[in-house]
Every structure is written in structure tokens, then in C-alpha cells.
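One structure is given here, and the rest of the page talks about it.
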């Protein structure tokens, strides 16, 4: 150990001495090398600051180019993505357009092993069904879409177009006997939508004659256009001047419904129909509506019901006529069939024929046609045929009852005949009270004459108005008629008065009061306005009796008796046109 330590110490002692032993030449060489390195470093250090600026610029430009390329790359990616989507869409469109056409069929029933019985192309076929279609969910009569291989690939809706036929009867629950336009009978299946509907004979059905299916019940538009089902709101109290006629029709219509037990006890048959006849505008239609309203209320009270229900079938007479043979008769059958259905639960039903003479005129009187020869028997068979009319009342209205077929007017059909006459002075007062009510504004001067009593003022106004209308003075003279036997008679405006004319007079006076309020600012109705309205109303009617047949005009106007051959106007302040014979009268116009 001592020898080793001494050697290391000797080595340390000898190292510095060796460095100092280098020659000056060697040291000078090393100094030169170091000076060269220092000079080189100084040169590199001198040129280094000038080279960083271009590099920085290059770096900035490179970064900008990189950003621009990134943006372009993103835009290209979006464009390529959109182009790919468009290509896919175009491919789908091309594939869709390249597909073969699809056919349709009608589902009849489910077959074995997931097949379906389908009617397509005029044939009944058993077709395979796509797994996407559930056969159990298909309904009879439903439309199915078929591919080119006649495989059911989709369930569609039921058909909504086809032929309209009339139902004659339902056969065995899922089949029906229908009649077409040419009276061709056909048996069809009932589609699923009709299975839960209570069908009745006479219903209109939409059918597919090729597939043999009926799809839906079509509203009977021909009957809907002719029949207005309503519960009228007209009461007897709204009708003026017809107290006696109202009493007659109440005895004929209401008593059999309200006291049916007494009728059975006395073995008295209720009347089947009522004829209301008389001049136009005298309240025939109003009475018929009031009958329906009153009867409904009394029957409801008799049964202890709070709500009253009745049906008023208002038949538009002239629109019953149809150019096709048998169509008018069929419509009449449908109307009475509906009436029987409504009345089956004891609800009173009124079938109202307005202008009855236009449809049921005397057989054999037709000039250009003889439709009445079959229409009249159809009505007679409905009124007193095999099927009785329980709780159904037929009411007819006409101003030419002489033209209605006598078979309709005989007892047992239209049993009760009520004449609705033109109102006399007392009836006119009653009618005026329906339109001149205390709620109307009255002129202060007229009201002051009666001490502010509105009711007394209105009564006085009505009295003045009625006296002006019904006095037989020269200013109220209207016509001079000459009968076939040579007798002459002067007719006054009062002879042609009606409830409609009274309403028109009141309306004229009210309009005059409104115009006076606008001009003067004073509100209220005056008696002078009523008198002026009478003059205007008479002046408008003076030229109306100008029909070529005065005798026909007299029948409509309510003047019966000897045949009229001449008519001469006697209106004051107007030159007379002279007498007019039947064969010389011209310029036919409205009936008064």
C-alpha cells in the first residue's frame, strides 16, 4: 500500500512540470490557431444578424401559404363532401327512375302461408307478400301496391272514386244488393269502413264495379238539396190576423199527437194531411213552421223532456222535377222514407210541400209533358199505401188549389183544407202589432201627442195606417173588372192586401225614419212615414195585374166567382190605359 501511494504522488507532482516544458514554437502555433478561430467566430458573428431577417420573412410567408392551403383544403373537403352527397342522390334518383312501374290491386282476403288474395288486372290472384307488410293488418277492399314480380310491397288507402249506386238491401252482413243508374242489380262486398255502419235501403254507396266492393256511404245530395231539416223558431204568437186558421190547424195536427188515447177510444183516425190555400203572402208557410215548433214543444212537455225535437222537411216543389224518367218519383220515395225514419221513435215529422200545384197538378193537364201522371200516384201511394205514415203530417201550400189533382184533395189524404184569406182591417191591426213594437224609436212629436205613452202612440199610428189602407175612397180605388155576364165591380187596394205587403210597408217607413235621422239628426218613426209608405207600396203594385189571362190572375189574387174578361186600372193621377180584353192584354208580369 505504501508503494502504491507514493507512485500516485509522484505522478501528481510531475504533471504541471510537463506543461511548462512545451516549447515557445508550440505555444505560438497554438496561439495562432486560437486567433484564427476567434477571427472566424467574429466574422460569423458579424454576418449572423443580417441573415435572420430574410429567414423571418421566409418563415412568415411560409406560414401564410400554409394557412391559405389549409383553407383551400377545407373548402375542397366540403365541396367533395357535397359532390359525394349529390352523386349519391343522383344515383338514388337514377335507380328510382330505372325501377319498373308498380301496379295496384284490391285486397280480398288473407291466403295460406303469408300470401294474399288480390284482385288486380281484372283477375283474382294469390300473391306473395313482402316481409315489411303485415297480412293481419290488411283490411278487405284496401288498395295494395305490387312490384314487377306481383309481390305485395305496400298497403295503400281505400279507393275514393268509383260508381255511385243505391243500396237495395244488406244480404248476409258482408254483402249488399245495389242498383245502378240503369236499374242494373249487382251484389258487392262491403269494405271494412262500411262494416260498422248501419246501412239502410236507399243509401248511396260508392262502389268499384270491377273489384265488386262498396267503399263508403255517399251523402244523398239530391235529397239534401230538396229537404231542409230544421226546427223552426216561429211561434203562433208571431203570426197576426190568422187566429181562426191557427185554431183549425191546431185541432187537425196537435190533438192527434197530444191525445192519441182519446182518438183510439173514439176510433177516430187522425188526419194524414192539411192543405193551406189562399193568395200569396198571407202566411201559409209561417203557419206550417209554427205547427212544427208548437207540436215539438207540447210533445216534449207531454213526455217530460226538457229539450223539444221535431223535424220540418221543407220540400222545394219545383226542384223535385227531373228530366230523367222515374227520378222525381224516386226522390219522393226517399223523402218519405226519411220522414218515416225520423218519426219511428215517436218524434213528430212535418213534410211541407210549398207551391204544391207546381208538382202535383191535375193529371192530363200538361201541355208539353205528362210527368204528373206518375208523380201524383207516387205521392198517393206514400200517403195511404201499404206502409203507414205514423207521426208524419203532410202539409201542402198553394195559391192555385184548383190546379192540384182531385185525388190528392179527397178525404183520407189531405183531409183538412184551410183557406188563408187576405187580412181585413182587424187582422191588419193585429199584423201591424207584430212589426210595430214598443222597442222601436218613436219621433218625439208623435210621442208628445199621446202624453209620452209609447203603447198608446203605437196604437194610434196603427189605427191611422189601417184607416188609410182600408177606406173605400177614390185614392184607394185600384181596378174595375168586367165579368163575362157584363157586370162590373170596382176593386180597392184593400182587396189585395196581404201580410207580406204590411211588412213591406213597415220596412219602408223604418227606412224613411233612418234617412230622416241621418239628414235632420232627430230619431224616431212617424205616422206620416207610414202613410207615405202606403202610397209608395200601392204605386208599385198598380201595374202588376197585366197577365194575358185575367181569369188566371183573379184565381191567384183570391178573387173567385164569375169569369173576368176585362180589367181597367183606376189609380188616381194616372191616365187609364183603357180596358184590356183577354186576347189583347200583353206585357205579362208578376202576379199580385
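Each residue, glycine too, has its Cβ placed from N, Cα and C.
Long-range neighbours of residue 284 (ATP binding site) (same chain, six or more residues apart, CB within less than 8 Å of its CB): 276, 277, 278, 354, 397, 420. What Swiss-Prot records for 281, 282, 283, 284, 285, 286 is ATP binding site, and it gives sequence analysis as the kind of evidence.
If you look up Swiss-Prot, you'll see 25-99 marked as coiled coil. When pLDDT is averaged over the coiled coil (25-99), the result is 81.
The annotation compositional bias 'Acidic residues' is assigned in Swiss-Prot to 1-11.
Look at Swiss-Prot and you will find 1-24 tagged as region 'Disordered'.
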Site with most surrounding Cβ atoms, counting all protein chains shown within 10 Å, from the binding-site residues 282, 286: 282
Residue 281 (ATP binding site): tally of other CB atoms within 10 A of its CB: 20
Remaining residues near the recorded ATP site, that is with C-beta within 8 Å of the centroid of the site residues 281, 282, 283, 284, 285, 286: 276, 278, 280, 287, 397, 420, 499, 500
Site with most surrounding Cβ atoms, counting all protein chains shown within 10 Å, from the binding-site residues 283, 285: 283
